[in-house]
Structures are given as C-alpha cells and as structure tokens.
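Report on the structure given below.
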Amino acid sequence: MKVVDGQQMTAQWLKMNRLSIGPQLRTNSVLVVYLLLLFFSTGQSKLIGSSQPIVATVGDDIILPCHLEPAVDVTAMTLEWTRSDLDPRYVLVWRSAQDLVNAKHPSYKGRTSLFTDELKHGNISLKLSKVKPADEGKYQCYIVKLDEGSLVELVVGAAASPVISIAGIEGDKGGVVLQCESKGWYPEPELLWLDAEGKILSAGPTETVRGPDDLYTVSSRVTVEKRHSNNITCRVQQRNINQIRETQIKFRDDFFNSLSSSAAATVAVSVCLAVCILFILLLVFFLWKIKNKIKSKTPDKNNHATKNLSKSKTQGQVSVKEERESLMTNESVQMKVFNKEEEPKKTKNQLQEEIQRMETNNTEMDTCLISQSSADTDIIMEVDKYGKYIRLRNQSHEEKTMTGWKLKLQINNKKPLIYTFQSSSILKAGETFTLWIAGHGGAHSSTEQVWFGLKPWNSKDTLQFTLITNNREIPYDPVYVL
Ligand SMILES: *[C@@H]1O[C@H](CO)[C@@H](O)[C@H](O)[C@H]1NC(C)=O
C-alpha cells in the first residue's frame, strides 16, 4: 500500500509553482510587446515584391512575387499589376473578384493571371506564361485601397550553343579560318575565342544581328595557326542572365604541319583520294552483286503476286474497284523489290510473308476506308465501303465518355446528317465503337449502336465526317468511296 504524505505534497506543489512563475511572466510580456507592435503596424501592411530581379528564359512560365505582410485577405480589393513604360500600362487588373481581361495591354492577353486561392493570404503574385524578350522591365504590384505598391524587375534571357565551322584555309600562312555562330540570344551576348589554356585569341570583330523575334545572332572568325594550340573554344556568354555556352574544336597534332607543307598536303590528298576510289570500287562491286542476287529472285516473286491476284479475280467479280486495287498491289510489289536492293539479307520466305501481309492489308482495305483527322485527336474513323457501319477507334490510353457527342456526316454536298450518341456510350482505350447503319447490324453490346434513317452510301459518294465532342468539332479527312 502506498502512503502519501500531504505535507510533502504541498511543499512540492509550492516549489513547482514558484519555479514556473518566472518563465510564464517572461512569455507573457513578450506576447504583450508583440501584440502592441502588431496593433501599431496593422494600419499599414506592407507589399513585398522581390529585391532581386527575376531572371527568366524566353518561353518560360514564371511567377513575379508580391505579397502583403502581415497578410490581409485582398480578394475583394482592386489589385493592379502595371508596367509604367507601357500604354496602356496594365498587365493585369483584378476588380470585383474578377480578372478584367479587356483592361490588359494586348501583349499580355491570355498570359497573365493571379493565384486566386492565394489572395485570401494577401499573396498577389503574378503568373506570366510564355515569356517573351519584350516582357523585360519593371513591374509594379499595387493595392488601390491600401495605396501600397512594390516593384519587381524581370530580366528575360535566351541562350543557345555556338556552332563552329571551317570557313577557309590560308595556305600561305598554314592557318585555318574558323567561324563561330550562335543564334537565339537575349540580351546581346559577347563572343570569345579561347585556346587550350583559356587564353583569349585575337579574332575578327563580332558581328551581331537582331532577328524579328528580338533574339540576337552573334558570329566571329578567327585564324588558327600552328603556333596556337590544337584545342580551340568558342565561348558565348551573357553575364546578366548568367549564361555561358561553349563549343570546342580539336585538331590532330600533325594537322598544321600537313597544312604548312604543301608537299605533305599533296601526299595527304592523294592518299585520301586513293582510299576514296578504292571504297567506291568496292561499293559498286557489292551493289552489282546484290543486284544480280535480286534479279534471280524477282521473276519468282512477281509470278507469286500475279498468281494471287488472278486467284482473287476468279473468286470475286472483276469490277473497277478491284482492278484499281490490283494496280495498287503491283505498285507496292515493285516498291518492295526496290527496297530489297537496300536490304538484301531477307530470305525468300520473308519476302513471301511480306507479300502475304500486303495482301491481308488490301483485304482489310476492301471492307473499310480509314479516315483520319488532321486535328489533334486520338480517335480514328473506319468507314465501311459498302455503307454498313462506321467504327470509331480510340488510339489513346484513356477512356472517352461519348455521352452527348454527335457525329455529323455530309454525303457529297447534301444537307449534313447528325447522329447523337446515346447516354453512357463509352469508347475504351485501344478499343472500337461500332455505329451500324440501320439494317446491317444491331446494338448487341455496349460498344454498338444503330444509326436509323441513314441510307447506305454508294460507290462514288464522298463522305465528310465531323465528330462533335463536348467542347470541340473534329473534322475528318473526306472519304472517297469509289
Ligand atoms: C504566393 O503564391 C505563389 C503561387 O502559389 C507561391 O509560389 C508563392 O510562394 C506565394 N508566396 C508567398 C509569400 O506565400
């Protein structure tokens, strides 16, 4: 059994309280001073921008920071982002909790916005997308009601790697003229030629050209001689945007020797020539051999193709359509033979397989025509030649809900017909959805529907499809049935 001594407990209690009274008092006084400070400063929250310039590269999406300290909810206030050197000077105006798009300077339309969720925390940072060189400047964020503003400077840069090329040879001096060019800088960069030790070489003047996109192209030439090192660097740099790009060219140790002594040069040239001629002879020989090989195979293959074609002719009825296709097949066979010259390794079996594959492709072509949209879409349309069905194929990796989608079909130049997909029509990733023309198939599964009141089309009709999804119209290339 535990016995508690009341006296001891009281003493302990007193001790504890005495000990804790000191710090508690101190904390309280700090709090009071802080509250007093807050009280006197709330009258004037300060807008804080950025003391450092914001450095961006052309094409970037960036944030120009600006926030109130201490934070105040500014959602309902009128906020402005301006550039005093512009007319109109507004980059963004926020009034009645709305972005006043029409007040903006035209060059910022569609490119500036606020982080609306941040406004309640007094954060009025500006989002600027697709930065251009002309965006460079001093921006002011301003809150009308508080008459508070702050400046943020934006520096826009663009950098690109230089390219070195050989511009000429100065035989008398035994030197090579190198040219270095770098396109797409902003602001104007400087160009330097350096040797292997990093020493600056004396070069011709730097030529600078400013393009219509405001970007600079710089170029310069230098003559490199034997007394220079074998390693030459072209450096293009822009300090304000902290960008350096370099390209190096290396010469063989004996390069300049051979250049300076014309005899050596002649020897080098003749050796090179001899090697080249030998190489060409070898190439011709190989090509000739390959050609012979193919010649021995070609008749056999053509026979095979013709045999198959005549087979298909006897099976089906000979129509204009089929003759066209036969022509097509022959053409593709010839093309294949031509290709064979480039890749002579394929065996006879592989060739036959390929021809078979081509034929299967053709049979597929017999039942449907494929229409692809030139717009950016993942949906391909397969149209039956005989007007039995239209099939949509989802080439993407996401499922598409087609509820409310419409398919517009214009046959020749007649009035367009419109089909509206029934609710809960779903086009699964990689799968198809078949729209049967009434009388040719039924809606037996969730990926089939029937288009009533549409007559099958005929040969010589031109079909023009437009798929109308929830937010856009996707035109498809016309299908010529023939
Ligand atoms: C303001 O909002 C932007 C965008 O969300 C954020 O990047 C930035 O850090 C915020 N600033 C402050 C001071 O919270």
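Any Cβ shown, glycine's included, is placed from N, Cα and C.
Keep in mind that TrEMBL annotations are predicted by a computer and have not been checked by a curator.
Residues or ranges marked as compositional bias 'Polar residues' by TrEMBL: 305-318.
Secondary structure counts, DSSP: the domain 'Ig-like' (23-157) has 34 helix, 49 strand, 52 coil. Under the heading domain 'Ig-like', TrEMBL lists 23-157 (among others).
The feature domain 'Ig-like' is assigned by TrEMBL to 162-250 (among others).
The annotation domain 'LTD' is assigned in TrEMBL to 371-469.
Summarising the annotation, TrEMBL assigns region 'Disordered' to 297-325.
What TrEMBL records for 263-288 is transmembrane segment.
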Please spell out the DSSP helix, strand and coil residue counts for the domain 'LTD' (371-469). 0 helix, 45 strand, 54 coil
When DSSP states are grouped into helix, strand and coil, how many residues of the domain 'Ig-like' (162-250) land in each? 0 helix, 55 strand, 34 coil
Along the domain 'Ig-like' (23-157), what average pLDDT does this model show? 89
